[in-house]
Amino acid sequence: MKNFNHPYHLVDYSPWPLTSAIGVLTLVSGMVKWFHNFNLNLTILGYLITLLSMYQWWRDICREGTLQGNHTILVTKGLRWGMILFITSEVFFFLSFFWAFFHSSLSPNIEVGTTWPPIGIMPFNPFQIPLLNTIILITSGITITWAHHAIMNNNFNQMKQGLLTTILLGFYFTILQGFEYIEAPFSIADSIYGSTFFMATGFHGLHVIIGSLFLLICYIRHINNHFSMNHHFGFEAAAWYWHFVDVVWLFLYISIYWWGN
Amino acid sequence: MASLCRQIVRGNTLRRVLFSSASSARRGYADQMMPDPLEHATGMERKELLAMEAGNDDPFNMKVLKKSAGTRENPTLVPSCFDARIVGCICEEHSTVVTWLWVHKDHPRRCECGHWYKLIEKELP
């Protein structure tokens, strides 16, 4: 009876919130140990528990939505609001790094030589790899729109192609950023420049990796026919997230790589 | 190589002839279609889609009920899956408060404004 007269999704009991909590507590304890020069065993165990919980929790959500049909229109609206609020919180997360950057760069103090970039810092040429990365991310924004239009037009193969292209561009970006980090003539310990630079671009890189994985999961779900032309919010959420990561990069490029150079 | 190409061309031609009449648009290999949305959906999601297809845009009774005449003979019908339901009567159009009342099965009830309500069994979507 409970499932017939309302559009809400009454969730079943699930062990994953508990195992996630145990996992992240283990992880943070392991990292404290690691920071105090003990071994990595507890950190690895924490990662293992957390990753297994994440996999199984999200697997269950896919089952509830796709295979049990629990995601009515009203439930999907809730999911949309959840994603909007999550991305809003991410915007403020990055805002704090930009705040730190502009606080230090708009009136550089005596310790860094009252100049920006600070004395002795050799920043990247913004018109080499960073410009290529900008083009890669903007292109990936186009290809994900291609995939979205394909799914709305019921086109299986073009969705597959558009999504795969986006994922490959995402990994290409990550590889180029990796090379850039290896080649960098300054480190995170080199003045406030290195600190703000690697804090902002590093967290952005982490978000690109997360976004790429999110899209990869969508690709696997698409191959397994989890989506239809009006049931694909998982993909839309990934697309929103990807656009967010894209926009953050544009701000990073303009302010840190270009203006800050 | 040439025979392979010929096979591919012949195969696709045959496929086009066979399937072009079935779908409205003629599509090649590159345009494999996705599952039909209604066939793909299951559970409550499917029930909701079917209800909407049948012209019911409010399968879960989430919207405000339209009042009928509200006389004793012609009360406003309140659908419910249970033996009783709470009704919030907006006694007049510009009323700033809602009058709440329980309506029980087989016992039509009159709001203090004079409007009658009657519980009926709700059809499940």
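Placed from the backbone N, Cα and C atoms, the Cβ positions cover glycine too.
TrEMBL annotations: computationally assigned, not manually curated.
Taken straight from TrEMBL:
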DOMAIN    A:4-261  domain 'Heme-copper oxidase subunit III family profile'
TRANSMEM  A:12-32  transmembrane segment
TRANSMEM  A:38-58  transmembrane segment
TRANSMEM  A:79-102  transmembrane segment
TRANSMEM  A:131-151  transmembrane segment
TRANSMEM  A:163-182  transmembrane segment
TRANSMEM  A:202-220  transmembrane segment
TRANSMEM  A:240-260  transmembrane segment
Stretch contact, the transmembrane segment (A:240-260) with the transmembrane segment (A:12-32), Cβ-Cβ under 8 Å, 3+ pairs: no
For the domain 'Heme-copper oxidase subunit III family profile' (A:4-261), the mean pLDDT of the predicted model: 96
